[in-house]
Amino acid sequence: MSAGESIKLYPATSKQAVEASFVPNGKISPVVRRSVEPVGPFFLAHARRQRHGRTFSEDERLEKKDEKKEEVKEESEDEEEDPSMLQADPKDWKQQDHYAVLGLSKYRYKATLEQIKKAHLKKVLKHHPDKKAATGNINDDSFFKCIQKANEILTDATKRRQYDSVDENAEVEAPESTTEENFFELWAPVFDAEARFSKKQPVPGLGTIESSRPDVEKFYNFWYNFDSWRTFEYLDKDIPDDGESRDNKRYQEKKNRSERQKNKARDNARLRQLVDTALASDPRIKLFKQQEKAAKEARKWERDAGAREAAAAAQKKKEEEERIAAEEASAKAAASAQNKKAKEDKKKAQKRDKKIVKNALKDFNYFSETDVPSPTQVDTVLKDTDALMPKLGDGELASLAADITAQKDSGAAAVKGVFDKYAKMFIERGSLNPSEVVFFGK
């Protein structure tokens with residue numbers, strides 16, 4: 001195309017033609033107003049913007065600034081290097097703490113690959129042989145080799161896994177003793193550290209004192225059936241690679257396998273003992289046992305309700321029978337005492353009445369017409385009195401004594417009249433033979 005020529009364009013399609021060629025395939029739904037709320041990190045960002053009165057761009061800018069500050073702070077928090085570690089022999093790389101060499105002691109198995117790379121770069125820049133050569137240490141590259149070995153181990157997933165399996169500095173010692181108050185505080189870090197070896201993830205947490213029984217049982221069942229990926233290849237003895245003796249090489253490999261199995265068995269036993277110790281001191285287990293005992297006693301109480309009611313009824317019946325028997329015995333004793341008293345009172349009354357009768361005879365000189373009665377008169381009156389006395393029925397002795405007392409003031413004739421009345425009454429009744437009396441009743 002030469003300069004000045006115009007470009008030929010196809011004529012524009014008219015609006016009518018476009019509308020005519022449009023074929024609708026569906027209908028647009030009506031507009032609906034809905035309230036959409038942010039969730040997760042978006043909700044946190046929304047809340048942060050609302051709280052501080054920020055716009056989207058302002059909040060994003062400030063957050064990135066804070067992230068950079070955290071990175072700078074992390075970089076400034078370099079671990080202090082142990083002088084003995086700086087003098088370590090690279091040949092003893094299996095004995096060195098790779099995380100400490102890179103300044104990642106506080107992270108250890110939790111360190112990310114990005115953190116490892118950054119830490120390696122900082123250590124290389126600080127301890128590179130070229131940098132030390134400038135200060136006169138030409139052959140001082142021992143620690144640099146340690147750094148390189150640590151980076152080699154920790155950036156290789158398999159080698160790092162083998163090293164983490166035997167990293168004693170990452171282990172948390174189990175507490176020797178605990179109380180209900182500090183059990184979870186002391187044991188939670190122990191199980192968190194051991195959880196990193198589990199093939200099954202996520203690992204159930206220790207929980208709290210409020211954890212349900214199913215959750216606690218799930219936790220201990222998991223640890224009693226713990227499936228660990230922990231290996232012990234890192235502790236293998238080096239196999240000579242000189243090609244001189246294949247038998248020695250096979251022997252060393254066999255010995256390493258055997259030692260790994262032993263280490264695995266020892267570790268399983270250690271973990272089992274650790275779980276046993278935690279279970280024995282877990283306050284929730286004691287609580288569950290108490291609840292189970294209470295529930296068992298409650299079930300037994302409900303199960304024995306019929307027998308208990310029967311026993312209570314039998315006891316009540318027995319007590320009722322004993323009460324009735326006691327009442328009857330008491331009533332009988334009272335009646336007996338009353339009868340005894342009545343008899344005693346009767347005897348006393350009879351004795352008193354007999355005394356009244358006999359005193360009446362004495363008081364009136366045995367009804368003698370002379371001042372001194374003759375023995376015959378006395379004997380006759382006493383014999384008649386003795387004949388009358390046994391014939392007296394119930395109450396008649398008392399009546400006789402009462403009549404005598406009533407007539408006492410009237411004189412001897414009146415009193416004798418009383419005796420005569422009773423003698424005649426007994427003769428008429430037939431209980432007294434007329435021949436039995438001589439003086440009375442004539």
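Cβ atoms here come from the backbone N, Cα and C positions, even for glycine.
If you look up TrEMBL, you'll see 55-72 (among others) marked as compositional bias 'Basic and acidic residues'.
The compositional bias 'Acidic residues' annotation in TrEMBL covers 73-83.
Feature annotation from TrEMBL assigns compositional bias 'Basic and acidic residues' to 237-270 (among others). For the compositional bias 'Basic and acidic residues' (237-270), same-chain residues at least 6 beyond its ends with a Cβ under 8 Å from one of its own Cβ atoms are 228, 230-231.
Sequence annotations record features per position, and here TrEMBL assigns compositional bias 'Basic and acidic residues' to 290-307 (among others). Same-chain residues lying 6 or more positions outside the compositional bias 'Basic and acidic residues' (290-307) and placing a CB less than 8 Å from one of its CB atoms do not occur.
The annotation compositional bias 'Basic and acidic residues' is assigned in TrEMBL to 316-330 (among others).
Annotation comment: TrEMBL describes 97-167 as domain 'J'.
Sorting the region 'Disordered' (42-92) by DSSP state (H, G, I as helix; E, B as strand; all else coil) yields 39 helix, 0 strand, 12 coil. Under the heading region 'Disordered', TrEMBL lists 42-92 (among others).
According to TrEMBL, the feature region 'Disordered' maps to 237-275 (among others). Summarised by DSSP class, the composition of the region 'Disordered' (237-275) is 30 helix, 0 strand, 9 coil.
Among the features that TrEMBL reports, region 'Disordered' is placed at 290-354 (among others).
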On the DSSP side of things, how many residues of the compositional bias 'Basic and acidic residues' (290-307) fall into helix, strand and coil, could you say?
17 helix, 0 strand, 1 coil
